[in-house]
Amino acid sequence: MDSNQPILAPSILAADYTRLGAEIAKCDQADIKWLHCDIMDGHFVPNISYGPAVVAAASRSTSAFIDVHLMIENPDDYIQAFVDAGADQITVHQEACPHLHRTIQTIHSHDISAGVAINPATSLHVLEPVLNDIELALVMSVNPGFGGQSFINTTYNRLQHLRDMREQYNANFYIEVDGGVNPDNIQKVTHAGADVLVAGSAVFKAPNIPKRINELRKRAQSGREMIA
Ligand SMILES: O=C(CO)[C@@H](O)[C@H](O)COP(=O)(O)O
């Protein structure tokens with residue numbers, strides 16, 4: 001973790017796929033640092049999104065850090081494919097990984113960052129054994145599978161709790177939040193402790209994408225500054 005500024009990570013799940021390069025170029029106009037790619041398999045989550053070919057196309061069209069979120073069963077089988085597609089970080093779900101340390105080691109063996117995501121109903125304590133092994137913990141603020149859902153309000157307390165756990169364990173990972181982040185709640189989300197904000201609909205459904213990104217970032221920063 002090397003930044004005290006919140007990072008906005010637009011999720012291309014909500015982009016217009018007929019013009020993906022142009023949509024990403026609009027994000028680049030606002031100088032995005034991360035781009036979030038949501039992979040859904042129709043098994044771990046009840047929806048199918050896209051695969052490595054789309055991640056490779058996204059990666060070719062931007063110099064942003066490619067943040068890949070695998071909402072899939074058996075993620076170990078697909079790590080190499082997403083590394084080849086240009087992933088700079090791969091996040092797997094704790095709920096999908098019976099051998100979580102091994103999966104994290106496999107991701108690290110490719111010299112990229114490793115993240116672990118948890119669903120809204122999963123206890124934060126499942127992360128304790130790996131808190132010192134990861135670069136990112138992703139707290140889902142919706143049940144994964146679909147964009148455009150409403151933010152679950154219990155997430156605020158979970159973010160605060162995870163921030164405390166990070167301190168307690170003297171760990172050094174980003175806290176990312178994903179699902180239903182918008183201009184109305186983003187300040188509260190960063191105030192609660194999130195470092196990385198994934199936003200799909202709030203970015204790509206906006207009439208002016210660069211302007212919306214700048215607005216979200218500004219509000220995120222003001223929430224961060226409110227932390228004592
Ligand atoms: O990954 C998921 C859900 O599984 C989504 O949460 C998107 O990553 C963000 O979409 P919005 O909620 O911002 O539309």
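Backbone N, Cα and C atoms are what each Cβ position is placed from, and that goes for glycine too.
Within HIS69, HIS125, HIS161, the residue that TrEMBL lists together with HIS36, ASP38, ASP178 for binding divalent metal cation is HIS69. Taking Cα separation as the measure, SER11 (substrate binding site) is nearest to HIS36 of the binding-site residues HIS36, ASP38, HIS69. Taking a C-beta cut-off of under 8 angstroms and a sequence separation of 6 or more, HIS69 (divalent metal cation binding site) has the following same-chain neighbours: HIS36, CYS37, ASP38, ILE39, THR91, GLY115, ALA117, LEU138, ASP178, VAL198.
Scoring each of the binding-site residues (SER11, SER201) by how many neighbouring Cβ atoms lie within 10 Å, the top position goes to SER11. Applying an 8 A CB threshold to same-chain residues 6+ apart, the list for GLY147 (substrate binding site) reads SER11, LEU13, ALA14, ASP38, GLY200, SER201. In the three-state DSSP classification, ASP38 (divalent metal cation binding site) falls within a strand. Using a 10 Å radius centred on the Cβ of HIS36 (divalent metal cation binding site) and all shown protein chains, the other Cβ atoms total 29.
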